[in-house]
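Colleague: Below are the structure tokens for one structure; questions will follow.
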Amino acid sequence: MNRWHLWKRIIPLLMVFSLLLTGCSLVGQGSNPIDPKASVAEEQYGLILLSLGIMILVVIVVFVLYFYAIVRYRRKPGDDSIPKQVEGSHKLEIIWTVIPLILLLILAIPSVAITFSQDEDYTEDPEVIQVKAIGHQFWWEFEYSDLEIYTAQDLVLPVNQRVQFELTATDVKHSFWIPGMGGKMDTNPGNINLLYLDTPAEPEVLLGKCAEFCGASHALMDFKVRVVSEEEYDAWVANMQAPTAAVDADVQSGEELFKQNCMSCHAIESGFPGLGPNLKGFADRELVGSYLEMTDENIFKWIKNPQEVKGGSTMPAIPLEDDQFHDIVKYLKTLTLE
Ligand code: HEC
Ligand SMILES: [Cu+2]
């Protein structure tokens, strides 16, 4: 087979594989690691661009010299002479030692400065919100210790806010990642990692992910970051801290069923942790079970058979009749803060 025939096969194959890369984009989901939304992410992105720039520069220089040498010093037909051998040029040696040194300094100074500034412990800083983020198979719990708020799945934060996360996990290792706000960090059972981030200047919803393979439904272990205005955030805090209102008579059967079958794992007052997500304000969440659209059918589908929706989920399927599940859905829909 001549060379062209080989390439005729390889090129279309490469084109097909490059299509697969389009699946890597998070564009359109409100969060993209190379589209920073706040200053921590911007600084990190700046470092990526700087190191990429230096690397590309080095690659270009090396390749230009390399091809120059190949072409310029080719063996020419009819000329078997050996070119002049050069050895030990002080000038060249100094140049190719000093230039990399300068490049490394350009890379090192901002890298070290930014790494240390982003790695400070802000636990005592009153301006920085402290949130404990706890990874569970396959959901995220958020605890605002100072405010005595426990919530899950949707992380609510005000705009322009510096946040320090205390990261931990209850079962296996997970990794906490909000691509639009900065790099990820592991959450390990039994110890706490501190992660410092800040929020965008404008209200928006960002995507958060678990970035460490943690089991069957790892890929579904998403969360949402609802960045809201100051006023909205204050209202959210006040509503979360207020007791959950009594329900109307027509949803009482659902409430009763919930109390009997679900309360052992799910609190509906935000001051308590539980084996499952705290459901205060559940109906306001963006998604059901962290990935399904918030509709009655999806809530029904989830509570009837969680394993079917999210393989390996630790929420058990409770043996109830469809009517009873419908009553519970009606009750769950009342768990709203507005
Ligand atoms: C043994 C503990 C346990 C019991 C009992 C339990 N759940 Fe759950 N529930 C969980 C866990 C754990 C999750 C998170 C699962 C996940 O996302 O992987 C969950 C998730 C949920 C969610 C989704 C929350 C969200 O914000 O996405 C709803 C709704 C829910 N449960 C309702 C119920 C109802 C209704 C019952 C009773 C019929 C019930 N649960 C019984 C543990 C439990
Ligand atoms: Cu995980």
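Just so you know, glycine gets a Cβ as well, placed from its N, Cα and C.
Okay, these came from TrEMBL:
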{"type": "DOMAIN", "residues": "25-122", "note": "domain 'Cytochrome oxidase subunit II transmembrane region profile'"}
{"type": "DOMAIN", "residues": "126-239", "note": "domain 'Cytochrome oxidase subunit II copper A binding'"}
{"type": "DOMAIN", "residues": "249-336", "note": "domain 'Cytochrome c'"}
{"type": "TRANSMEM", "residues": "45-71", "note": "transmembrane segment"}
{"type": "TRANSMEM", "residues": "92-116", "note": "transmembrane segment"}
Colleague: Grab the same-chain neighbours of the transmembrane segment (45-71) for me: Cβ-Cβ under 8 Å, and only residues 6 or more beyond its ends, written as numbers and ranges.
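Modeller: Long-range Cβ neighbours of the transmembrane segment (45-71): 34, 36, 103, 106-107, 110-111, 114.
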Colleague: Could you count the residues of the domain 'Cytochrome oxidase subunit II transmembrane region profile' (25-122) that DSSP puts in helix, in strand and in coil?
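Modeller: When I sort the residues of the domain 'Cytochrome oxidase subunit II transmembrane region profile' (25-122) into the three classes, I find 63 helix, 0 strand, 35 coil.
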